[in-house]
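Annotation comment: TrEMBL describes R96, N150 as substrate binding site. Look at TrEMBL and you will find C172, H202 tagged as Mn(2+) binding site. TrEMBL lists 197-412 with the feature domain 'Glycosyl hydrolase family 4 C-terminal'. Among the features that TrEMBL reports, site 'Increases basicity of active site Tyr' is placed at E112.
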Amino acid sequence: MSKGIKIATIGGGSSYTPELIEGFIKRQNELPVREIWLVDVPAGKEKLEIVGNLAKRMVEKAGADIEIHLTMDREEALKGADFVTTQLRVGQLDARVKDERIPNSHGVVGQETNGPGGMFKGFRTIPVILDICKDMERLCPKAWLINFANPAGMVTEAVLRYSNIKKVVGLCNGPIGIEKNIADILGVDHSEIYVEFVGLNHMVFAKTVYKDGEDVTAEVVTKMTEGESGSTLKNINATGWDATFLRTLNMIPIDYLRYYWQTRTQLEDQQAAYEKHGTRAEVVKRVEAELFELYKDVDLAEKPKQLEQRGGAYYSEAACNLINSIYNDKRDIQIVNTRNNGAILDIDPDSAIETNCVITRQGPIPLASGHLPVAINGIIQQIKTVERLTAEAAVTGDYDKALLALTVNPLVPSDTDARVLLDELLEAHKEHLPLFFKNK
Ligand code: G6P
């Protein structure tokens, strides 16, 4: 990597790209990124050009020695890359509308990473990411794959199990958001606390919070029950947890747990929100339209504030800190998705987990946390099962395996609902599920 770093960003036309560019610009002094290749598919060409031109203006304004390349040729972008970041959305936001709306129309939670919608996003995304892995083996075998594409947990699981790429890290902004929220609750800077996370992507818990070397988890939890804080994520409606429940649990669940432990309220919220302004994807579509209008402005040369309306806040902080620490062998601690390798005793060593890791040039080393607390062991095991079965169905395109995966998902009420949802979602997403339709 001595010549300077080459980054290939797949799904480069995403509205989040200015976040990433800002992150690299900020770290110029220690992270010598020289080339960023933003790649997209023909359907995303217009967005790629708009956001890519903004990226060029940002780099120019900052006087950074970074070349921005825009391309639809993935091979060219991958050739010799040091880091490949993936932030793609197969089928774009229209597919997300279906993932949210179809389950909702059957009285089931409709969400882009949880429940049947999340699994379908997995079915669409996993084969594409595995294809990228194959290209990486040929074109940049030494590169790190930093995956942001959702469902990031399932995708990391699939890469670990079904590809030859070993240098993979799954990334989410969720844990950083929780940490910042805890710091706010305690009225201290983020750097003054240490939070131990255990679990899976979008199924993670802040298990213990330390301040000045002391365990202050109970204080944080009590303050949360006293209404000190709502949701940490823009995309989830937080209604507060039952105070006794949260105090007894004595951990801070990521807001995605609301779909499991507040299912009825979340479903009612989704149904009401749909009547008012459409599904979350439809809201995001409007935010995106507004963002891309702003991005077109030739006088704009920085990340606009409006991007904060999206759920992916701190995305660049997570991605750029990780790349920086791998490149500079910083050996600091970050929360990422990586191979468990025995860190959580109740989870298969070969599975992906989301936890505190020491970030080295060799990759993340997960810190041991022993057995999972009994109250959360069950749900984590169940979701890991769903992730593994979804990954298997995604790579095989096997209907029966998909049915099994849907039926054991705790958000699907019954086997008959599973079949109805599977059939309707398969039909709706046909064009992006070639493996499921290969023999039909
Ligand atoms: C959260 C999650 C991300 C997800 C985002 C969706 O931040 O951690 O994984 O992509 O929400 O936000 P959106 O604005 O697209 O609803």
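Cβ atoms are placed via backbone N, Cα and C, with glycine included.
Annotated features, which come from TrEMBL, shown on the structure.
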residue	record	Cβ within 10 Å
R96	substrate binding site	24
E112	site 'Increases basicity of active site Tyr'	25
N150	substrate binding site	23
C172	Mn(2+) binding site	27
H202	Mn(2+) binding site	25
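Residue pair N150 (substrate binding site) / E112 (site 'Increases basicity of active site Tyr') shows a Cα separation of 8 Å. Per-residue confidence over the domain 'Glycosyl hydrolase family 4 C-terminal' (197-412) averages out at a pLDDT of 94. Among the recorded positions E112, C172, H202, the ones whose Cα is located within 10 Å of the Cα of R96 (substrate binding site) are E112. Residues C172, taken from the recorded positions R96, E112, C172, are distinguished by a CB atom under 6 angstroms from ligand 1. Taking the C-alpha positions, the distance from C172 (Mn(2+) binding site) to E112 (site 'Increases basicity of active site Tyr') comes to 14 Å.
In this structure the C-alpha atoms belonging to H202 (Mn(2+) binding site) and E112 (site 'Increases basicity of active site Tyr') are separated by 11 Å. H202 (Mn(2+) binding site) falls within neither a helix nor a strand when secondary structure is assigned with DSSP, and so counts as coil.
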